[in-house]
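A.B. asks: Would you mind keeping the following structure in view while I ask a few things?
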Amino acid sequence: AKCQCKMPQEQRTNCGYPGISAAECKKIGCCFNASVNGVPWCYTPKPKKVKKVCPNDPYARINCGYPGIQARECTRKGCCFRAHPAGVPWCFYHRITEE
């Protein structure tokens with residue numbers, strides 16, 4: 001993503017080899033910007049920002065507990081808890097999404 005390539009030039013970490021083309025650099029998952037001499041043109045992107053969310057779709061839940069688990073025990077395991085609807089896991093894993 002473009003936002004992962006926006007960083008101060010002095011923070012760039014070389015990601016390619018001397019003379020790498022923009023296409024080759026991007027193909028290996030790196031950022032390319034040849035506008036400034038003396039800094040890496042092909043460089044490592046910033047890590048993606050992710051957050052944990054509890055899925056809204058009750059039928060997409062992946063079970064993290066067992067029948068009758070209590071909310072406190074579920075959240076202690078680091079999972080989501082919603083005691084509805086019937087027939088789906090009430091204690092379930094987070095989904096990781098990119099910000």
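Positions of Cβ are set from backbone N, Cα and C atoms, glycine also.
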A.B. asks: With Cys91 as one half of a disulfide in TrEMBL, pick the other half from Cys54, Cys74.
C.D. replies: Cys74
A.B. asks: Return the single candidate from Cys3, Cys25, Cys30, Cys31 listed in TrEMBL as disulfide-linked to Cys15.
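C.D. replies: As annotated by TrEMBL, the paired cysteine is Cys30.
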A.B. asks: The disulfide recorded in TrEMBL for Cys80 goes to which of Cys54, Cys64?
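C.D. replies: In TrEMBL, Cys80 forms its recorded disulfide with Cys54.
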A.B. asks: Using a 10 Å cut-off between Cα atoms, which of these disulfide-bonded residues sit near Cys15 (disulfide bond): Cys25, Cys42, Cys64, Cys79, Cys80, Cys91?
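C.D. replies: Checking each Cα against Cys15 (disulfide bond), the hits are Cys25, Cys42.
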A.B. asks: Going along the chain, which residues six or more apart from Cys74 (disulfide bond) have their CB under 8 A from its CB?
C.D. replies: Cys64, Gly65, Cys80, Phe81, Trp90, Cys91
A.B. asks: I'm checking region-level scores; what's the whole-number mean pLDDT for the domain 'P-type' (1-46)?
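C.D. replies: Summarising the domain 'P-type' (1-46) by its mean pLDDT gives 92.
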